[in-house]
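What follows is a set of notes on a single structure, which appears directly below.
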Amino acid sequence: MRLPLSLVVVLFCYESVFALKPTKRDYSTDDYYVLEHDPNAGASLDECARALGVEVVEQAGELRNHWLVRTAKPSLDLSRRDSDRVLDTLEELRAQTSSSNFWSRSEHTHHSRRIASSVKHVSRQELRQRAKRAPPPIRPGDEDDGAETSQAFATRMGVEDPEFGKQWHLINDESPRHMMNVTALWEMGITGRGVITALVDDGLDYNSDDLAANFYAYGSYDFNDHVDLPTPTLFDDHHGTRCAGQIAAAKNDVCGVGIAYDSQVAGLRILSGPISDVDEAASLNYDFQNTSIYSCSWGPPDDGRSMEGPAYLIKKAMVNGIQNGREGKGSVYVFASGNGGRSGDQCNFDGYTNSIFSVTVAAVDYKGLHPDYSEACAANMVVAYSSGSGNHITTTDVGKDKCAHSHGGTSAAAPNAAGVFALALGVRPDLSWRDIQHLCVQTGQQINPDDPDWEQTAAGRPFSYKYGYGVLNGYEFVQAAQDWQSVKPQTFLNLPTVQIANGTMDVFESATGGEPIVSGGVSSTLAVTQSMLQDNNFEKLEHITITVWITHTRRGDVEVELVSPNGVKSVLAARRPTDNANSGFPGWTFMTVKHWDENPIGDWLIRVSDQNKENESGAFLGWTMTLWGSVIDPDASFKVYDVPLLDTVLPPVAEEGDDSITSSIPLPSATTSKTIPKPTEHLPPDHGDADGESHLPAFPGAQQSADPAEDVASPSETDTAASISVTPTPDEGWFSDLSSLMSNQLWFFIAIGAVAIFGIGAGVFFWRRSMRRRSNYTSLPAGDDVAMSSIGVTGHRSTARTKELFDAFGEVSDDEDADEETGLRPGARSPRVEFHSGFLDDDPSTAGLATPRYRDDPDTPQHDKERSGTPVSAGSGSGDGSWEHASETR
Ligand SMILES: *[C@@H]1O[C@H](CO)[C@@H](O)[C@H](O)[C@H]1NC(C)=O
Ligand SMILES: *[C@@H]1O[C@H](CO)[C@@H](O)[C@H](O)[C@H]1NC(C)=O
Ligand SMILES: *[C@@H]1O[C@H](CO)[C@@H](O)[C@H](O)[C@H]1NC(C)=O
Ligand SMILES: *[C@@H]1O[C@H](CO)[C@@H](O)[C@H](O)[C@H]1NC(C)=O
């Protein structure tokens with residue numbers, strides 16, 4: 001236990017255990033930062049804090065070696081908007097360790113070096129508002145009075161909840177086929193007992209008679225007001241309570257029943273006011289040993305124009321959750337796909353639903369139709385029942401014995417799925433987060449089989465952008481869960497990054513090169529070979545993530561699709577009629593689950609096209625692809641994922657996870673203007689009457705594309721890495737737009753950081769040389785096939801380069817005997833370089849050996865062994881089970 005004992009708060013829980021709750025922040029008197037500390041780099045956390053003039057508050061949620069620190073706000077006359085005492089101090093320290101002082105032996109410089117190398121990065125925390133949405137208005141008179149079937153069931157099973165008959169998602173009297181199908185499980189005594197689901201939302205009315213008995217206070221917290229209990233206090237704080245009711249409303253005489261009515265629910269209140277990244281990250285790991293499921297019915301705006309994902313700390317928290325939560329079995333994150341269907345929004349433009357670490361749930365209505373608000377995309381895994389065709393979801397509401405009759409949207413589909421997962425974990429608590437995803441893929445039920453949006457996957461399953469793998473059917477899911485054999489641990493395979501026509505993009509989002517997008521599009525292929533799979537201990541494909549660098553004057557015109565070697569196509573981006581952004585796709589990552597269980601060997605083709613308008617244009621600069629799946633041999637070594645600090649630069653700066661440069665870049669701060677609302681924000685008020693349909697393809701335009709084989713040079717026989725096919729017309733061009741760059745805050749802050757580092761941090765000597773190396777980057781000329789070996793060379797060159805920079809920034813060693821060329825000697829003590837070079841050799845076992853232990857973390861060894869359950873294997877690069885040590889992808 002590393003948190004200060006003074007923070008311990010006594011909580012009422014079963015046995016009145018002691019819990020560690022976050023301390024109350026006061027942003028009016030203090031400035032807060034998250035400091036990532038490397039305990040093996042020489043300086044203790046206290047020394048670092050003293051050097052930076054900050055006070056350590058507590059660990060940042062469950063993120064190891066990340067600390068929330070604070071300092072009193074400078075008095076008004078001293079505080080200048082453009083300066084930041086803490087970040088300035090860090091820059092000074094870093095400056096002292098390099099450039100002119102590089103060879104200095106003075107005590108002072110020595111001290112600065114130790115501090116500078118021990119502080120991996122510092123990010124200032126700003127409050128931001130997760131915007132609240134107007135609740136959908138109550139539409140009286142829509143509900144049906146309950147028919148015989150549900151009544152008969154209620155009588156037989158002693159269900160006395162007065163509104164049970166209106167809960168058509170439990171028993172649908174009108175369209176009996178369309179319901180979550182869990183009542184038979186109740187009869188078998190499967191009611192979710194022992195499972196805890198956290199509603200990451202706007203509060204939870206634990207005083208409601210429908211929820212009090214199943215409320216789990218220990219795992220609840222209010223991150224908005226920093227008090228222990230997630231009390232709904234604002235007039236529209238009812239969303240979390242309604243979602244909680246769907247899962248765990250008690251079987252009693254109040255309102256209705258939850259899907260897992262003996263399970264427990266916790267409330268993590270984050271949507272009712274301003275929140276910083278550190279708190280959002282902490283909420284997603286809150287009490288993550290006891291809490292199994294995090295139900296999240298929010299995301300970036302569903303306006304058909306936004307393209308946003310979780311910030312770095314939040315991504316880290318999700319990865320921490322799936323790797324270390326639930327004693328290594330992994331937290332189950334359930335995300336609503338979004339309510340922007342009417343605006344042409346797609347869940348592939350949302351970094352939360354696009355994440356492989358979440359289960360993305362879209363909606364179908366009580367007739368089994370696709371409601372027009374529900375977003376389609378290749379990352380949709382399943383659908384669950386929600387509002388539309390004249391009906392809403394009936395569930396518990398805030399207040400004494402209150403019942404809500406207007407709940408709906410994909411916000412309500414996600415908790416229905418979470419409820420089913422709770423039932424499954426009740427009988428199979430040992431299932432991992434990936435077992436849950438596999439079960440979704442396996443048991444999703446096809447509906448509306450004539451819907452043209454269905455397509456057969458290579459594994460023989462029907463998949464649809466609207467319905468994912470189909471409707472989540474509680475009975476089928478839990479039956480399958482009961483004798484499910486847990487999948488082997490996860491690993492991944494990074495394919496080389498393809499630069500198209502020498503395309504590059506830097507941290508400022510400024511681009512060079514690239515192939516103009518012409519009529520018919522620009523295509524490129526990446527080959528996956530048997531030996532790549534073998535060498536990476538990679539057995540069976542699950543998710544695929546694809547990162548693209550594309551410039552365009554109108555992002556909504558761009559279409560991106562991926563075609564597998566077996567001819568299965570994933571539409572990653574379809575047209576978005578209202579998306580006028582001119583910032584393109586600067587290293588945006590798409591995800592598809594459509595290739596689950598497909599044999600990935602062969603050439604994968606990506607095609608980028610636009611609407612071929614006279615006055616709009618763009619260029620395709622580069623792309624890369626990562627295959628995610630299970631290992632062949634869990635006892636052999638394999639790569640485990642870690643979140644890269646900066647993965648949007650082309651060509652990648654930080655090859656294979658060497659983040660020596662990027663770690664010096666202060667993280668972008670969250671700002672007040674960035675809002676990530678619940679999907680109800682864009683949920684149409686008449687979502688209950690949403691027109692359902694089952695005859696329209698989700699992305700009609702995208703269906704017309706020709707056979708990929710036509711415009712690709714036939715793949716070469718052997719280990720061809722990449723080929724590109726275009727019909728370039730020289731007069732098409734692109735330009736990068738500075739104003740959009742500056743309006744994008746993330747890039748703005750990265751830019752500031754980069755300027756600072758490049759300005760004062762780098763020794764001119766090393767920097768010059770690194771630039772020379774940079775020009776050596778291999779790129780793939782149009783129309784040419786490039787052999788694997790040349791790709792390999794690329795990787796090695798970049799390694800050399802990053803190592804140099806690493807040293808130039810004074811982070812490796814203060815030993816003057818270090819090899820002048822690279823700053824590295826055998827046994828140079830930088831754990832990072834040793835570790836990553838292990839991965840560069842594709843020999844994670846070496847890397848694992850080089851992995852250091854954390855000195856200030858006495859409970860590490862034992863603790864981590866326990867955690868290294870399913871997804872994290874001993875002997876891997878993350879042998880100690882810590883995500884900090886894992887490799888990374890781009
Ligand atoms: C629901 O579960 C029952 C088992 O009790 C099964 O027979 C039935 O087919 C399922 N209904 C649907 C719509 O899948
Ligand atoms: C939750 O987990 C903590 C340890 O992480 C444990 O001490 C506590 O008893 C657990 N609470 C419940 C209700 O299981
Ligand atoms: C890419 O750069 C190389 C070397 O600088 C050059 O030879 C080649 O022509 C360039 N390719 C394109 C398509 O511009
Ligand atoms: C292109 O033309 C359309 C109308 O034809 C206009 O709305 C749009 O703003 C133009 N785009 C640019 C980049 O000029």
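Going from the start of the chain as shown, residues are counted 1 onward.
Any Cβ shown, glycine's included, is placed from N, Cα and C.
For 1-19, the entry in TrEMBL reads signal peptide.
Summarising the annotation, TrEMBL assigns region 'Disordered' to 98-149 (among others).
Under the heading active site, charge relay system, TrEMBL lists Asp201 (among others). Counting Cβ atoms from all protein chains shown, Asp201 (active site, charge relay system) has 31 others lying within 10 Å of its own Cβ.
The DSSP secondary structure for His239 (active site, charge relay system) is helix. A 10 Å cutoff on Cβ-Cβ distances gives His239 (active site, charge relay system) a total of 30 other Cβ atoms nearby, all chains included. For His239 (among others), the entry in TrEMBL reads active site, charge relay system.
Classification of Ser411 (active site, charge relay system) by DSSP places it within a helix. Summarising the annotation, TrEMBL assigns active site, charge relay system to Ser411 (among others).
Look at TrEMBL and you will find 487-633 tagged as domain 'P/Homo B'. Averaged across the domain 'P/Homo B' (487-633), pLDDT in this predicted model comes to 97.
Per TrEMBL, region 'Disordered' is recorded for 654-729 (among others).
The compositional bias 'Polar residues' annotation in TrEMBL covers 660-675 (among others).
TrEMBL lists 679-694 (among others) with the feature compositional bias 'Basic and acidic residues'. If one looks beyond the compositional bias 'Basic and acidic residues' (679-694) by at least 6 residues along the same chain, the residues whose Cβ comes under 8 Å of a Cβ in the stretch are 131-137, 139, 142, 239, 297-299, 301-303, 336, 338-340, 342-343, 345, 364-365, 367-373, 387-392, 406, 408-411, 447-448, 450-451.
If you look up TrEMBL, you'll see 715-728 (among others) marked as compositional bias 'Polar residues'.
Under the heading transmembrane segment, TrEMBL lists 746-767.
Taken from TrEMBL, the feature region 'Disordered' applies to 809-890 (among others).
Annotated compositional bias 'Acidic residues' per TrEMBL: 812-821, in sequence order.
The compositional bias 'Basic and acidic residues' feature in TrEMBL is assigned to 853-868 (among others).
Cα of Asp201 (active site, charge relay system) to Cα of His239 (active site, charge relay system): a distance of 7 Å. Counting Cβ atoms from all protein chains shown, Ser411 (active site, charge relay system) has 34 others lying within 10 Å of its own Cβ. The two recorded residues Ser411 (active site, charge relay system) and His239 (active site, charge relay system) have their Cα atoms spaced 9 Å from each other.
Helix first, then strand, then coil: DSSP counts for the domain 'P/Homo B' (487-633) stand at 9 helix, 76 strand, 62 coil.
Classification of Asp201 (active site, charge relay system) by DSSP places it within a strand. With DSSP classes pooled into helix, strand and coil, the tally for the compositional bias 'Basic and acidic residues' (679-694) is 7 helix, 2 strand, 7 coil.
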